[in-house]
Amino acid sequence: LIEYISDSLKHATSAFLIFILIGVLISVWVVSGTVPSLIYYGLCFISGKYFLVMGFLICACVSYATGTSWGTAATIGVALMGIGKGVGIPDAVTAGTIISGVYFGDKMSPLASTTILCSSSAGTSPEKHLQSMSFSGFLTFFISACLYFILGLYFSSDTGIPVSDISYINNYLSANFHISIISLLPILTTLVLSIMKVSPFISMTLGIVMGVIVAVAFQGANITGIFDIMSNGYRVADGPGIIKIMLDQGGVQPMMWTFSLSFIGFSLGGVLDKVGYLNAVLSRATARAQGCRKLSLITYVTGWLGCAVTSEVYVAQMLNGRIYKDVYEREGIDNAMLSRYIEESTTVFDMFLPWTTGGAFMATVLGVANLHYLPFSFFCLLTPVVSMVLTIFGIGIIRKRSI
């Protein structure tokens with residue numbers, strides 16, 4: 001039993017390390033003025049009416065360019081949460097918008113690890129995989145953008161925070177932080193390195209180092225205080241409630257709940273996988289599957305089940321690829337369709353479950369419970385719906401040797 005748990009936790013080592021780095025990163029970026037500067041500029045140029053659609057597009061573009069949903073949520077997402085509070089948009093709505101944007105990039109980017117894993121698990125090329133997803137992915141993206149635009153119209157200046165309050169927030173930020181382009185160097189460093197395909201550990205570490213330099217050189221912080229903030233998170237000593245909500249973030253200790261929950265989930269998933277329960281159940285489910293419609297539905301169900309049981313999207317993707325590869329070939333359906341259904345049933349689903357690594361991470365970083373942001377994560381919710389509708393009508397189905 002211990003061996004099964006150990007084998008499973010080996011796959012989670014990188015995720016656990018990223019949890020720690022993200023906690024340090026966010027806290028350092030607050031004390032360095034990076035997050036306050038982003039909030040300041042965002043409140044100056046973004047209105048509540050267009051905030052949602054702009055936030056969705058920004059997160060989608062950054063995540064697509066970098067290939068990481070976690071990194072985008074922990075950088076751009078954290079800043080957008082603060083801006084959303086400033087323009088009077090509920091946290092759950094803002095978080096759902098961020099989730100949709102970052103997971104579009106994670107799903108559709110050629111740089112994303114899930115793109116490589118899903119295609120390799122299904123036995124197809126990343127190019128075919130992305131081509132198969134383009135049928136449903138971009139249509140869902142367009143529908144989601146329209147919905148966020150319509151929803152944003154509700155949050156006009158009449159329902160948002162008064163202009164005087166926004167001015168007060170910006171005055172507080174400018175009085176307590178050095179607001180300038182220099183304060184944005186830490187996030188720019190991390191984003192540029194991510195686009196250059198530098199390891200997440202290196203890009204985040206350098207982002208932290210740059211944040212410490214900016215905090216000491218331009219914000220007047222001391223090293224001892226920065227190390228305390230890294231451990232316990234940034235906390236506003238005295239200030240209005242809205243400022244505390246915006247800036248009280250980060251730290252290693254607040255990430256421990258996420259860490260422990262993921263640890264338990266990985267341990268349980270590893271045991272269930274090694275003893276063969278999942279393989280036995282899922283293999284029987286495929287025995288009578290015939291045709292693309294039935295196969296797609298069963299693949300979705302087992303993808304969701306895999307995420308829920310193993311607590312890790314990568315394990316669910318590998319498991320489904322191993323089980324369904326021969327079945328799709330038997331039915332004459334290109335394996336690019338299998339990789340598409342695996343991606344659509346795992347990548348855009350696991351963040352809804354609080355015990356998965358993705359769900360625990362997003363809830364902690366954005367400060368919103370999974371079930372609260374779920375109804376507003378339009379892209380993630382609509383992806384399986386749009387994909388299934390297209391499949392039912394025979395649109396975008398790729399047969400063997402058709403591409």
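Every residue number used here counts from 1 along the chain in the order it is shown.
Cβ from N, Cα, C; glycine included.
Just so you know, TrEMBL annotations are computer predictions that nobody has curated.
Feature annotation from TrEMBL assigns domain 'Na+/H+ antiporter NhaC-like C-terminal' to 101-395. The annotation transmembrane segment is assigned in TrEMBL to 12-32, 38-65, 135-155, 175-194, 201-221, 256-276, 297-316, 376-398.
By the Cβ criterion (distance under 8 Å, sequence gap of 6 or more), the transmembrane segment (175-194) is counted as touching the transmembrane segment (201-221), at least 3 such pairs being found.
Confidence for the domain 'Na+/H+ antiporter NhaC-like C-terminal' (101-395), expressed as mean pLDDT, is 82. Sequence-remote contacts of a segment are chain residues at least 6 beyond its ends whose Cβ falls under 8 Å from one of its Cβ atoms, and for the transmembrane segment (12-32) they are 70, 74-75, 78, 183, 186-187, 190, 200-201, 204-205, 207-208, 210-212, 214-215, 218-219, 221, 225-226, 229-230, 233-234, 247, 249-255, 258-259, 262-263, 266, 312, 357, 361, 365.
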